Amino acid sequence: MKLIETIKKYAQTQPDTLAFVNEEEKLTYGELWSQSERLAARIQSEALTDASPIIVYGHMKPVMAVSFLACVKAGHPYIPVDVSIPADRILKIINSSKAELLLNNSGTSVDTGDALISVVEPGVLEGDGVPETDPGRWVHGEDTFYIIYTSGSTGNPKGVQISADNLQSFTDWITNDFPVESGQVFLNQAPFSFDLSVMDLYPCLQSGGTLWTVTKDMINRPKLLFEALKQSNVNVWTSTPSFAQMCLMDPSYSEELLPELSLFMFCGETLPASVARQLKERFPKARVFNTYGPTEATVAVTSIEVTDDVLNKYSSLPVGSEKPETEIVIINEDGKAVQDGEKGEIIITGASVSKGYLGEKALTEKAFFSYNGSPAYRTGDAGYKENGQLFFLGRLDFQIKLHGYRIELEEIEYQINQSRYVQSAVVIPFYREEKIEYLIAMIVPAEHDFEKEYQLTSAIKKDLGSKLPAYMIPRKFMYQKEIPMTANGKIDRKRLKEEVTV
């Protein structure tokens with residue numbers, strides 16, 4: 001695979017160049033290659049089923065990149081799982097994936113329940129002599145390279161399989177069609193269990209750059225983040241728009257703080273025109289790109305540079321035109337392609353489309369199909385095309401994007417309704433300036449002994465904390481005697497939305 005061969009070349013020609021930096025550790029290309037070779041040999045000694053997935057558990061440490069590379073060198077796809085993921089969800093991923101090995105890079109124990117899975121702590125990967133893996137064993141072509149778990153409507157996460165060819169097509173697009181130069185410093189804001197991280201990790205490594213990671217502690221302590229950014233020399237900023245918006249709240253977030261910054265790449269949620277405008281004012285030398293794509297189509301498939309002309313022309317920004325080897329079609333409810341300017345469902349076809357969900361044949365057949373001989377994916381997103389530009393209009397169903405994370409409201413509702421304190425619940429997104437700011441849980445409570453509503457809320461949140469990641473737990477909880485229904489006997493979500501926005 002070109003990506004792996006390129007990393008090997010950098011390990012040989014520039015072994016002392018930094019590949020990965022976080023607040024505590026650094027890793028060179030030479031170390032990345034040698035340590036991943038040793039770990040790959042260790043993985044191969046485990047006698048795993050051919051091509052079985054390996055869970056890689058941890059946070060923003062260099063050993064995570066070492067582990068990813070080791071897995072694919074050993075012929076196995078990896079499943080990144082961040083330490084922020086609750087234990088209950090990790091168990092579901094273990095059981096769903098049928099993974100036989102978990103690489104624990106967290107420094108703490110991980111509960112694997114009664115699953116038949118080996119847990120290995122990579123530990124010391126230094127040493128004399130470097131074993132050489134057989135390139136013939138490396139993941140390549142249509143082999144699965146990584147599997148990222150996304151929100152599922154039944155309360156069970158779905159594993160999206162991305163092949164080596166999918167990833168190579170995406171990485172080549174970023175390094176060839178965006179103003180990315182060799183040896184640049186890439187900011188990595190997203191945890192590795194979120195596919196936005198793929199937008200910086202692999203283009204960075206393919207271009208001989210340095211990945212500079214933002215940890216949970218930095219996000220929780222902006223002062224620490226800004227002190228670190230000042231020393232970062234970041235050239236390429238990859239994040240959700242929400243993260244940049246948070247940074248813009250500090251007046252010091254400007255060209256003076258990051259004088260080397262030349263490129264912003266956004267994905268994961270809608271980029272408000274107001275945010276793009278502020279960034280161009282604060283960073284006049286930097287170029288801003290808006291992109292769009294679901295996990296099932298390898299991170300992103302469209303892009304547009306947000307210039308002054310674009311900002312003057314559109315109040316809501318387009319998400320751009322397709323990458324090479326990709327076509328986007330807008331279809332109506334009958335499955336027929338619509339005319340330019342007509343709204344419908346966004347269908348993605350071509351080299352970026354995933355092979356489907358791991359172990360979920362029915363779900364795969366529902367979402368993935370062949371369109372004019374090419375692999376295609378039904379996004380469930382609403383949109384339209386105009387003069388070659390795609391406009392994203394949100395979800396057709398109840399799946400949403402919140403701070404870059406794709407969330408199915410049904411999954412949150414399912415988990416809230418499992419609480420003994422809840423009779424019924426509906427989750428409503430609260431919008432501000434064209435994007436979702438937070439979630440509101442509308443609850444009909446079951447009988448309870450709490451005197452105050454905040455005590456009830458705390459108890460429900462405690463139940464949710466063991467089942468859902470923090471970003472999926474609603475910010476506000478509102479209580480009422482009944483959930484309004486439509487004449488058809490369905491939950492009246494429109495009325496609920498109107499009530500919470502008054």
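Every residue gets a Cβ built from N, Cα and C, even glycine.
Here is what Swiss-Prot says about this protein:
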type	residues	note
BINDING	Thr150, Ser151, Asn290, Thr291, Tyr292, Gly293, Pro294, Thr295, Asp381, Lys490	ATP binding site
BINDING	Asp195, Val299, Lys490	D-alanine binding site
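Shown here: features listed in Swiss-Prot, placed on the structure.
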residue : record                 : Cβ within 10 Å
Thr150  : ATP binding site       : 20
Asp195  : D-alanine binding site : 26
Asn290  : ATP binding site       : 25
Tyr292  : ATP binding site       : 30
Pro294  : ATP binding site       : 25
Val299  : D-alanine binding site : 26
Asp381  : ATP binding site       : 22
Task: Rounded distance in angstrom between the Cα atoms of Val299 (D-alanine binding site) and Thr150 (ATP binding site) - done: 12
Task: Separation of alpha carbons, Asp195 (D-alanine binding site) and Tyr292 (ATP binding site) (Å) - done: 12
- [ ] To the nearest whole angstrom, state the Cα distance for the pair Asp381 (ATP binding site) and Asp195 (D-alanine binding site).
- [x] 18
Open item on the list: Can you give me the Cα-Cα distance between Pro294 (ATP binding site) and Asp195 (D-alanine binding site) in Å, rounded to a whole number?
Closed with: 9
